[in-house]
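Undergrad: Quick one: this structure, given as structure tokens, is what I'll be asking you about.
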Amino acid sequence: DRICTGITSSNSPHVVKTATQGEVNVTGVIPLTTTPTKSHFANLKGTKTRGKLCPKCLNCTDLDVALGRPKCMGTIPSAKASILHEVKPVTSGCFPIMHDRTKIRQLPNLLRGYEHIRLSTHNVINAETAPGGPYKVGTSGSCPNVTNGNGFFATMAWAVPKNDNNKTATNPLTVEVPYICTEGEDQITVWGFHSDNEIQMVKLYGDSKPQKFTSSANGVTTHYVSQIGGFPNQAEDGGLPQSGRIVVDYMVQKSGKTGTITYQRGILLPQKVWCASGRSKVIKGSLPLIGQADCLHEKYGGLNKSKPYYTGEHAKAIGNCPIWVKTPLKLANGTKYRPPAKLLKER
């Protein structure tokens with residue numbers, strides 16, 4: 001008898017590309033890549049995920065919440081990850097806002113980037129006694145409060161001269177905006193100004209000329225000049241038609257730093273401020289969040305990691321995610337394929 005050593009031969013459908021030998025047939029491979037299919041977005045496993053800024057604020061946009069619309073006040077949950085579900089943030093209800101004049105649509109996105117967000121319990125400025133006053137705090141029937149009375153945004157006070165004695169034109173006035181957050185957070189201070197047609201400007205403020213406004217905080221200074229008139233009547237969210245408009249902006253104050261606002265008539269003075277800390281990873285997505293996933297991917301939604309790599313569309317992803325590669329990867333777990341040996345005839 002004879003004992004012959006060798007390797008098992010079989011047909012091999014597996015081809016791998018190697019660095020030194022090019023394409024090589026092997027007896028077995030393990031796929032390392034997957035191509036995901038689009039799915040709904042989900043909560044990220046092992047961490048808190050935020051969809052809407054205020055999940056319990058019904059019929060409210062994130063901009064409503066960020067501005068403190070009277071019927072949109074609530075707790076913003078802490079989260080390590082946030083879904084940017086309003087890619088082009090919609091307008092706020094309440095009072096018509098000139099969104100194209102400022103960066104105010106970025107405010108909800110700014111807040112989403114923080115892990116912890118809370119609204120101050122106290123006002124940052126006493127609006128009634130601010131320079132140029134005394135003032136009464138204006139309200140609007142287009143901005144109903146929880147009892148359906150006239151209201152306004154919680155983050156701002158509409159400073160209307162209280163009597164005819166101070167209902168006159170004024171030179172620029174300056175008010176300091178103190179830092180009032182208590183835990184070293186970033187303070188996001190919302191402010192703005194109101195303008196209308198000449199008749200309404202004289203009626204409210206005693207001056208029909210364009211007004212000047214400037215904010216300064218954390219090394220950033222912004223200037224505005226109000227537009228007088230030329231606005232068509234506009235109703236927001238079923239409210240009363242308004243001939244006026246408001247311009248709204250914000251400034252970020254670091255711990256212990258004071259900001260300033262210089263203004264004339266029509267100022268919307270800051271009131272309650274946002275105190276925000278920590279970082280939340282933000283990714284574009286959609287709501288609702290259904291179930292849990294290892295990874296959130298802008299193009300594919302919620303993914304559960306089954307392979308270390310993926311092919312397909314490359315986009316931002318957060319969580320325990322596979323790594324994008326251009327072409328599929330395989331790991332050879334067999335031997336190099338050799339064709340069946342021919343039997344030799346005995347002599």
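The backbone N, Cα and C atoms fix where each Cβ goes, and this holds for glycine too.
As listed in Swiss-Prot for this protein:
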type	residues	note
CARBOHYD	N25	N-linked glycosylation site
CARBOHYD	N59	N-linked glycosylation site
CARBOHYD	N145	N-linked glycosylation site
CARBOHYD	N166	N-linked glycosylation site
CARBOHYD	N304	N-linked glycosylation site
CARBOHYD	N333	N-linked glycosylation site
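So where do these features actually land, and what's packed around them?
TA: In the three-state DSSP reading, N25 (N-linked glycosylation site) counts as strand.
Contacts of N59 (N-linked glycosylation site) defined by a Cβ separation under 8 A and a same-chain sequence distance of 6+ are given as K71, in order along the sequence. In the three-state DSSP scheme, N59 (N-linked glycosylation site) is classed as coil.
Other C-beta atoms found within 10 angstroms of the C-beta of N145 (N-linked glycosylation site) number 15, with every protein chain shown included. Secondary structure from DSSP puts N145 (N-linked glycosylation site) in coil.
N166 (N-linked glycosylation site) falls within a helical segment according to DSSP.
With a 10 A radius on its CB, N304 (N-linked glycosylation site) counts 15 other CB atoms from all the protein chains. Taken residue by residue with DSSP, N304 (N-linked glycosylation site) is part of neither helix nor strand, so it is coil.
Over all protein chains present, the Cβ of N333 (N-linked glycosylation site) has 11 other Cβ atoms lying within 10 Å. DSSP assigns N333 (N-linked glycosylation site) to coil in the three-state reduction, outside any helix or strand.
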Undergrad: Using N25 (N-linked glycosylation site) as the reference point, find which of the glycosylation sites N145, N166, N304 has the shortest Cα-to-Cα distance to it.
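TA: The answer is N304.
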Undergrad: For N166 (N-linked glycosylation site), just count the other CB atoms lying within 10 A of its CB, please.
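TA: Result for N166 (N-linked glycosylation site): 15 other Cβ atoms within 10 Å.
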Undergrad: I need the CA-to-CA distance for N304 (N-linked glycosylation site) versus N166 (N-linked glycosylation site), whole Å please.
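TA: So the alpha carbons of N304 (N-linked glycosylation site) and N166 (N-linked glycosylation site) sit roughly 65 Å from each other.
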Undergrad: At a 10 Å cut-off from the C-beta of N25 (N-linked glycosylation site), count the other C-beta atoms across all protein chains.
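TA: Total other Cβ atoms inside 10 Å, all chains included: 15.
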